[in-house]
Every structure is written in C-alpha cells, then in structure tokens.
C-alpha cells in the first residue's frame, strides 16, 4: 500500500433548506393563518480518527467532500429534514490546518476522535415566523444559508513512542525487523527505506511499544534535501530517539554530527528529546579500532554509546533495557 502522509482537500458543508410561504387551507378555517415551515439545517463535515487507517492515500484522488443540503420547509409548519453529517475517516495522528492561514484546527490522535471542520448553513424561516398583531398574513420567508467551505491541509504524524533515526544504510531497518515483527525492505544501499516503517516491540510486561524506522537523513534534510524533510515530522511525537550509526562507515563521528545538525535545524525540540546513541555493525570492528571509535563518539556526543550488531543479534537485550529505562516501563 502506498504511504501518503500529506493531502489537501476541500470540504463544503451543506446549505440550509429554504423556508416557505404557505397558509392554512382547511375547509372550516376560512381565514387560515400562515403555516410555512422552516428549512432544515445543512449537514456538517466531520473528520473522524480511525485506528485501522495508516495513510492518507484515500485523499490522493478524492479531494472534494460536500455534505448534503437541508430540505426546504413544508406546509403546516413542517420543518424540512436536515442534511446528514458527512463523516470523513482519517488515520490517528492526523493534524488538520487551514490551508491559507496554517492555523491548526485539530489533532486527531485517538481512535474515534471527532473534529467538525465545516458547519452546515442554517435553514431559512417560513412565513409562520413573521405572524404578528399587525400582520396576520405575512408573505415573508427566508432562504437557507450557505454552509462553510474550507481548503484544508491534512498532515499525518505517526504515533510512535520510539523513533529510529540515522544516515542511510546505518542498519535502522534491520534493527526494527529484529526487535519487532516488522518486515521492511532491507538491502545494502542507501535509501532502501523510502517510507516510515512501524513495528511493535513487546515490553517486559507484555504490552506493545510502537517503534518507527524513519527514512535516512542526509545533510540538508531539514531544508528539504533527500527524504528527511518529508519524514522528520514523524518523530515529533516520539518520547525517545534511537540514533543508529554505521560502524563500517568511513567517519562515524562526522555522521553523528550531520544528524545532530539536522535535528537542530528542524526544530520542534527534537535535539532536546531523550536519545540513545547506538553503534551498529559491531562485527566489522577490531578491538583496537572499536575502543578508539567508542571514545571519539562519546566525546563528540557527550552520551554513552551502546554497541550492537543488528544483523547478528548482538547487544539487543542491553539496548532494549536502556529503552525501557528511558521510557520508565
């Protein structure tokens, strides 16, 4: 399934039904008064979070969402039927903004969360409303009002507690695949991961924690280079970051600084987020080189380094122990 995490849509609430002019015409009521009914309310447009959806793909080709109009009033003071609300399902984690102003309308984070994004127009008044002592046969009635119409920006931000970040080919996808049941595409070339991958990792209690493997960052990602800018938003909600470094890279210290710089440039307090620093592909390092690299990385980052080999399953228990400690579980 194609992963789409941004969409622009138009929502149009229903127009209110018109009021009408009518008079009582019973056989034994020769001077029947006004009886025109009111129009029904226009339908609202409502977004609803659905935990079964993972992408905004449904909005790629369908971008106009009109709610039904209210019906016109009837005689005998009958009010017209109101238009039914239009319910639009979106994934949990969807932010909704006005396209023109960028104003945040709502953030649908839990399944069944509801957000009214366009209100239906009010129904018009029938002539029965205008009966008075001075006017016993009013002919005045009003039309229904138009419903609201808005252009909206939908933005999906994944709901994961732990985000796995790093440069391309650092082994992030391999790591999430061995920690969870996720099966991302894995190969030995950059940008194998083109979309975020989610995996559920079991806590000691048996409960699940969602990990997200974010496509590799490169220098300039926060300004839109590579794939990073499109997907950095998906770690905004995380409680903990795991920064994976490639032990077989030419200069892991420089790689560390590149990602650190991108987190600072992107903002949203990502650089302040609790973070574990992980050196992957431990099996590629001899003991002397490993010791030197550990010292250099810890000095450059001010963090304790965790050594692992995701491919060989080394150091994973220690890594998870640190994750649970940071999350307080």
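A Cβ is built for glycine as well, from the same backbone N, Cα and C atoms used for every other residue.
Residues or ranges marked as ATP binding site in Swiss-Prot (evidence: sequence analysis): 166-173, 191-195, 213-216, 280-283, 309-311. Per Swiss-Prot, Mg(2+) binding site is recorded for 173, 193, and the stated evidence type is sequence analysis. Summarising the annotation, Swiss-Prot assigns domain 'Obg' to 1-159. Annotated domain 'OBG-type G' per Swiss-Prot: 160-328, in sequence order.
Cβ neighbour count within 10 Å across all protein chains ranks 172 highest among the binding-site residues 172, 281. Sequence-distant contacts (6 or more apart, same chain, Cβ under 8 Å) of residue 309 (ATP binding site) comprise 280, 281, 282, 283, 315.
The 10 Å shell around the Cβ of residue 215 (ATP binding site) contains 24 further Cβ atoms across the protein chains shown. Taking the Cα atom of each, residue 173 (Mg(2+) binding site) and residue 215 (ATP binding site) are about 9 angstrom apart. In this structure, of the binding-site residues 169, 173, the smallest number of CB atoms within 10 A of the CB marks 169.
For the binding-site residues 166, 195, the greatest number of Cβ atoms within 10 Å around a candidate Cβ is found at 166.
Secondary structure at residue 173 (Mg(2+) binding site), as computed by DSSP, is helix. Residue 309 (ATP binding site) falls within a strand when secondary structure is assigned with DSSP.
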